[in-house]
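Positions annotated as domain 'C2' by Swiss-Prot, on the basis of sequence analysis: 1-109. Swiss-Prot lists D19, D76, D78, D84 with the feature Ca(2+) 2 binding site, giving sequence analysis as the kind of evidence. Residues or ranges marked as Ca(2+) 1 binding site in Swiss-Prot: D19, D26, D76, D78. The annotation Ca(2+) 3 binding site is assigned in Swiss-Prot to D78, S81, D84 on the grounds of sequence analysis. The annotation phosphoserine is assigned in Swiss-Prot to S197, S260, S293, S295, S643, S659, S661, S662, S852 (among others) on the grounds of similarity to another entry. The annotation region 'Disordered' is assigned in Swiss-Prot to 265-330, 639-669. The compositional bias 'Low complexity' annotation in Swiss-Prot covers 290-318. Swiss-Prot lists 319-328 with the feature compositional bias 'Gly residues'. The phosphothreonine annotation in Swiss-Prot covers T601, T666, T807 (among others), and the record cites similarity to another entry as its basis.
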Amino acid sequence: MPGKLKVKIVAGRHLPVMDRASDLTDAFVEVKFGNTTFKTDVYLKSLNPQWNSEWFKFEVDDEDLQDEPLQITVLDHDTYSANDAIGKVYIDIDPLLYSEAATVISGWFPIYDTIHGIRGEINVVVKVDLFNDLNRFRQSSCGVKFFCTTAIPKCYRAVIIHGFVEELVVNEDPEYQWIDRIRTPRASNEARQRLISLMSGELQRKIGLKVLEMRGNAVVGYLQCFDLEGESGLVVRAIGTACTLDKLSSPAAFLPACNSPSKEMKEIPFNEDPNPNTHSSGPSTPLKNQTYSFSPSKSYSRQSSSSDTDLSLTPKTGMGSGSAGKEGGPFKALLRQQTQSALEQREFPFFTLTAFPPGFLVHVGGVVSAGSVKLLDRIHNPDEPETRDAWWAEIRQEIKSLAKALGCHAVVGYSESTSICEEVCILSASGTAAVLNPRFLQDGTVEGCLEQRLEENLPTRCGFCHIPYDELNMPFPAHLTYCYNCRKQKVPDVLFTTIDLPTDATVIGKGCLIQARLCRLKKKAQAEANATAISNLLPFIEYEVHTQLMNKLKLKGMNALFGLRIQITVGENMLMGLASATGVYLAALPTPGGIQIAGKTPNDGSYEQHISHMQKKINDTIAKNKELYEINPPEISEEIIGSPIPEPRQRSRLLRSQSESSDEVTELDLSHGKKDAFVLEIDDTDAMEDVHSLLTDVPPPSGFYSCNTEIMPGINNWTSEIQMFTSVRVIRLSSLNLTNQALNKNFNDLCENLLKSLYFKLRSMIPCCLCHVNFTVSLPEKEINQGTSTASPKNFDKKQALQTTKTPVEKSLQRASTDNEELLQFPLELCSDSFPSHPFPPAKAVTVERASPVGDGNFRNRSAPPCANSTVGVVKMTPLSFIPGAKITKYLGIINMFFIRETTSLREEGGVSGFLHAFIAEVFAMVRAHVAALGGNAVVSYIMKQCVFMENPNKNQAQCLINVSGDAVVFVRESDLEVVSSQQPTTNCQSSCTESEVTT
């Protein structure tokens, strides 16, 4: 057999009382894997049983090891009746199948019951012995690593980035089977949890097979989603970017590659910049001095068609992005054609990554998105999901054609989402059209002289802003100006992207969170009529969301959006649209023009006075925002030395649309951006409401900043420990006043209150920045709106933020260490012997900085100690892909968990707030326990992808489904690394320090 699974049940603690007569429990354990079940002996009359069982051995195929979860069921023995279930534990075996990962899973796992929640803990030890299998027709993909992070993982080197992989599996939902009418809610929930866990494992295995066919060994930017289609079935789908990664193991290569962004952000990388308000976008990418290789498509057979891209391009060390010279050079055109042909040989040239090494992106065209409304049908054959595959293939093909229309051959920052209500499903996909770096192809057609000629052009840090399309045949109306940095190429007046801010971008001032929120009523209908009504509403919602984003961006005095995420949610009688992004001022783009209001009735004196009053308020708001975010761009003058400025009246013919005359000539000049060209015309009540919503947008309190990207542009010096907050709010709408205006107000209040609750809890951390603010909205029932938000607050040194020159590492770097624990909003309570019964304070926003249920003794047999100074391992959780003040030394595998919680005593458990708070706390406790059992001490790239709440107040019932994922890692603090490095020989210390300084 290719694999042997060994399980040992050690002990239990804090079990619930199951025998009312003795106030004790007669507990035993069932261990099940596949169709094989083992049982322990019954431990009589104890709430802390000590089974210390023998090793239970399962001889299984490696395919089953990937698909099946290990099920551990704790029961109470009853002599004369059926045994009572206490709870279950599902353990994913996949992290043990990596050659570099943990060798054993050992620790205390919370025993979870879908009705009662966590009911004690159980100590389990799991081992796997794998045999070499050289069968070329095998159906397993053991050894393929999965990463949730949307950047190349720390401590790894990207050899080849192959491209897009996708897969989906379908099945019937146990909640809607006929047997569900006669079985208990607990049995139904457990059947659903087990099926989802099984489908998740099967999905990872199938994607791993595609990666192996592409000669890769990892999937980065792995995004898995569950589509609960009701009676139609259950769909689990995933997308990712296939890569070939190499582990950096030597100390000389490892230390600079794993530098925490906290260290790199605390310096301003561009010390030659004369503008004091100009900062780098963030840390230098850890892969700056590494080799990336994109190989043209290889000729090998494929067993099945997959949507992937196998391109191979290798930027050399130190090459910046951008077209530093003229765009139309014959050599660059030749290389661009070669890269484009290599990309076009694959079906979908998509990348789920959002952060890239310098030089990877040559041009960014803008956001491309596509959507479709589908009518769900029953899944007749779970083994043949052609219908859903065809739906997504249509969406991806449209995305590809839109990118091509923008003059781009790839899509980066790609993501997919769905929204389902009854029989209607909205499929959405979005990404950023881009041109990837065509230099240094490995096909042998590029000679050294060409490379040397290309290397003569120095990077300008503005190339990704230059338009990739032909300005004489633009795909859409746009205002173009010459780049404010190089003065050679054309740039748009505004730039929208779904990726993180490139590391080599030049930003003026600070960034901020910008949101567009919209609600629209729709008539309640069924089947095709409902789908038609939604299809008719969608274009208008998308247009209004885009208009809101544009208006708010100009109101902030900024000219670019990064990390754009648009979510369209459908309910029974309404549609909701939410767009979140981080606004910045790019130095290469023109200064945004103001917002001018125009009315339809110029003869009305009072109306004109009202218009002028609003115009004054808008102008004052723009001025205040520029002062708040320190946006002070330098004046453009022709006396700047070394910057050739083109003629201000250079002729440029722009074809704005098919209906306009081709003889129209638009003259562009550098002062174009300073004109008030953006006009808001007030011609009805809705337009007036839009203007009022702009002016009533609540700014963050003094000392607070927020963004939805990992790094706040313009802030480079983090000083605090890592924390994460999660908030869930549910509001019930009144059916009496359901109008568009009332819906919009309620939706705005929901989002604002989520942010205000975080600001209030973090008021002692000022100055504070909320990073990676992630919003999710849903309409679980007819008159219920639900909002979920997660954020990672971080302190920064305001005095150092005002420094304008690069300072030495010793002066500018303030490492996050245990000395900063007084900055934690909730201090850690370390307890190794007992698991806290109430692991979170009674607040609606949940902090995850709590003690792990596993002590330090459970970190044995690991390659690296997680925390040398602490006596108890505290499992940290963060939505960021890094940990400030620390270096990630090892990735232990992906954490992907799905939980269901149901109650029939909602009021007794504290109502909706108490029920949701307790459930989220239990989810965090179970995630931390699984990570600690693997030997990890942190979860990075954490995301709560689904939180579906349903209630029946009349029956005092409620149900909630939560899906979370992240990367389990081992990290070591930089202070600990310094102690280790100081004990090394002097020569090694000097060499490592030199390389570290070069990296930062």
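Cβ atoms are placed via backbone N, Cα and C, with glycine included.
Values in this document were obtained by computation on a predicted structure and should not be read as measured data.
Feature map: annotations from Swiss-Prot on the structure.
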residue	record	DSSP (3 states)
D19	Ca(2+) 2 binding site	strand
D26	Ca(2+) 1 binding site	coil
D76	Ca(2+) 2 binding site	strand
S81	Ca(2+) 3 binding site	coil
S197	phosphoserine	helix
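The two recorded residues, D78 (Ca(2+) 2 binding site) and S197 (phosphoserine), have Cα atoms 30 Å apart. The Cα of D26 (Ca(2+) 1 binding site) lies closest to that of D76, out of the binding-site residues D19, D76, S81. The Cβ of D19 (Ca(2+) 2 binding site) lies under 8 Å from the Cβ of T25, D26, K45, D76, each of these being in the same chain and 6 or more residues away along the sequence. Geometry remark: S197 (phosphoserine) versus S81 (Ca(2+) 3 binding site), CA distance 30 Å. Compute the center of the Cβ atoms of D19, D76, D78, D84, which mark the site for Ca(2+) 2; besides them, the chain residues with Cβ within 8 Å of that center are M18, T25, D26, L75, H77, N83.
With all protein chains in the displayed structure included, the most crowded Cβ environment within 10 Å among the recorded positions S81, S197 is that of S197. Within 8 Å of the centroid defined by the CB atoms of D78, S81, D84, the record's Ca(2+) 3 site, lie the Cβ atoms of D76, H77, Y80, A82, N83, excluding the listed residues themselves. For the domain 'C2' (1-109), DSSP puts the residue distribution at 10 helix, 51 strand, 48 coil.
Its Cβ taken as reference, D26 (Ca(2+) 1 binding site) is surrounded by 20 other Cβ atoms within 10 Å in the chains shown. The most crowded of the binding-site residues listed here (D76, D78) is D76, judged by how many other CB atoms sit within 10 Å of its own CB.
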